[in-house]
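Participant: Mind having a look at this structure? Questions to follow.
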Amino acid sequence: MYASREDIGYDFGDDSKVGSKPIKPNPNIDGGWAWMIVLSSFLVHILIMGSQMALGILNMEWLEEFNQSRGLTAWVSSLSMGITLIVGPFIGLFISMCGCRTTAILGGILNALGWILSAYASNVHYLFLTFGVTAGIGSGMVYLPAVVMVGQYFQKRRALAQGLSTTGTGFGAFLMTALLKYLCTEFGWRNAMFIQGAISLNLCVCGALMRPLSPKDLREKYVVRSDSEENRAKALSHSTETIKSNGVLSEEPEKKEEAANEEVLGSVQHIEIGGKSGSGRSMYGLRILKTVSQLTVTVRKGFALWYSSYFGAASLFTNRVFVAFIIWALFAYSSFVIPFIHLPEIVKQYNLSRQDNVFPLTSIIAIVHIFGKVILGIISDLPCISTWNVFLMANFTLVTCILILPLMHTYVGLAVVCALIGFSSGYFSLMPVVTEDLVGTKHLANAYGIIICANGISALFGPPFAGWIYDITQKYDFSFYIAGLLYMVGIIFLLIQPCIQKKQPREKSTEEAQV
């Protein structure tokens, strides 16, 4: 019915099956320091995504403090969530030039600064700039490296590793909801944000743990043994066809780029030799020139890779299934974010505050979300199970829950639906795996940056849209119905494109047979 994981790997540029000579693997791949990377990513998800899932607490405080409409106030939370994801493609440029570690450390500082400055907000528009933009950009600079590093360090157990690391979102939503509720009660929301900013400085520690792999280790990760020359020839032939059909970057531009970089470094070395022979030149100035030249080469190389991936002739956008994946992401994330932001208001509207105070509905989503990510990750790693099919089934379950949630008016009914939302949304741990299967590991940072950018646009407009609908109708029902229908449109795109992609080679072979 659906395209299998093998289909995705072959049709969309997965070069992990290319045969080669046996090479001793790096012990840190699928083990060793790789688990420290999982721990780092887990803590990042707690501090960033978990905090954002708990913003419903602060949203109610802002409504009382500034006395603005629900639609306008919801923009604060949505800006923070949306910008965290929207800046993904541009963070990919930072990663290409500076690496994941440096990018994450700088992002941790910026995120903490945004929280602290927000404690002094005098109006909602001030929060747009400090919390929405500043903290949002900082979050994005930490979030993307955390996801990419897990993908680099794991090969055999990628889905499980991503599932374990992203369970931090569920743990964080549960812990941060309780923490922010306690801090707001005891110290007020301003001091709560100041304390949260201090806690966010731990993101710098998480970034420091992101030790980069050497280029040699990255190459060794994807070397797979081949039993015969015939299999190797088939693999190489298929890899060539994949590059032509799907637009994955070829090796020729890379060789030209490396030659250009060697030419620049060669000119620097020539200047250095001349500097040693010239008695009138300052060695200090020479070192500065060399450092600037090396930095220029790094920036050129990173920008060239980033630009060619997004805007080059063989860009990622020539991959049809990847484009369908982007369209799905534009509609999907808001369906998950809207309940977190507006469920506290819905509970208050249904007079269920007493039951919700005992066990909040958002905490139910968060706790079950943890198990959903781990279980779906384990299932997807089974050799007889397709990650693509698991991903689609989880999406169908989630969109069904979003559509029936407005029909529930009792705490038990809402709790059951929220539990299903939490479990099915565990597919988030499969998104990096599916993305890597579509475009290959080399372009994972840029490709996943595009996907989370689309998710960010969805998160940016979803909560304000729901608040705006409530201001008009005094109900959240239509917000969930419209969000669910748009989500369904995105799923349909995911179903259609793999079928078209699989039919095209068959049609081509039939035409050749007739000729």
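Each Cβ is built from the backbone N, Cα and C atoms, and glycine gets one as well.
Heads up, here are the entries from TrEMBL:
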- 237-248: compositional bias 'Polar residues' (COMPBIAS)
- 37-502: domain 'Major facilitator superfamily (MFS) profile' (DOMAIN)
- 229-254: region 'Disordered' (REGION)
- 33-55: transmembrane segment (TRANSMEM)
- 75-95: transmembrane segment (TRANSMEM)
- 102-120: transmembrane segment (TRANSMEM)
- 126-148: transmembrane segment (TRANSMEM)
- 160-180: transmembrane segment (TRANSMEM)
- 192-210: transmembrane segment (TRANSMEM)
- 321-341: transmembrane segment (TRANSMEM)
- 361-379: transmembrane segment (TRANSMEM)
- 386-405: transmembrane segment (TRANSMEM)
- 411-434: transmembrane segment (TRANSMEM)
- 446-466: transmembrane segment (TRANSMEM)
- 478-496: transmembrane segment (TRANSMEM)
Participant: I'm a bit unsure how to read this: which one of 102-120, 160-180, 192-210, 386-405, 478-496 has the highest number of Cβ pairs shorter than 8 Å with the transmembrane segment (361-379)?
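Facilitator: Going through each listed stretch, the top one turns out to be 160-180.
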Participant: In this predicted model, what is the average pLDDT of the domain 'Major facilitator superfamily (MFS) profile' (37-502)?
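Facilitator: Here the mean pLDDT over the domain 'Major facilitator superfamily (MFS) profile' (37-502) amounts to 78.
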Participant: Where else in the chain does the transmembrane segment (411-434) make close Cβ contacts, counting only residues six or more beyond its ends and a cut-off under 8 Å?
Facilitator: 8, 147, 150-151, 158-159, 162-163, 165-167, 169-170, 325, 336, 339, 343, 346-347, 350, 352, 355-356, 359, 361-362, 364-369, 371-377, 380, 387-388, 390-391, 394-395, 397-398, 401-402, 404-405, 444, 448, 451
Participant: Please indicate, using numbers and ranges, the residues of the same chain that are 6 or more beyond the transmembrane segment (33-55) and have a C-beta under 8 Å from a C-beta there.
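Facilitator: Non-local partners: 76-77, 80-81, 84, 104, 111, 139, 142-143, 146-147, 149-150, 153-154, 161, 164-177, 179-180, 196, 199-200, 202-203, 206-207, 209-211, 340-341, 362, 366.
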Participant: Could you name the stretch, out of 102-120, 160-180, 321-341, 386-405, 446-466, with the greatest number of CB pairs under 8 A to the transmembrane segment (478-496)?
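Facilitator: Most Cβ pairs under 8 Å with the transmembrane segment (478-496) come from 321-341.
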Participant: Under 8 Å for C-beta pairs, could you tell me which stretch among 102-120, 126-148, 160-180, 321-341, 386-405 has the largest tally with the transmembrane segment (446-466)?
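Facilitator: When the Cβ pairs under 8 Å are tallied, 321-341 comes out ahead.
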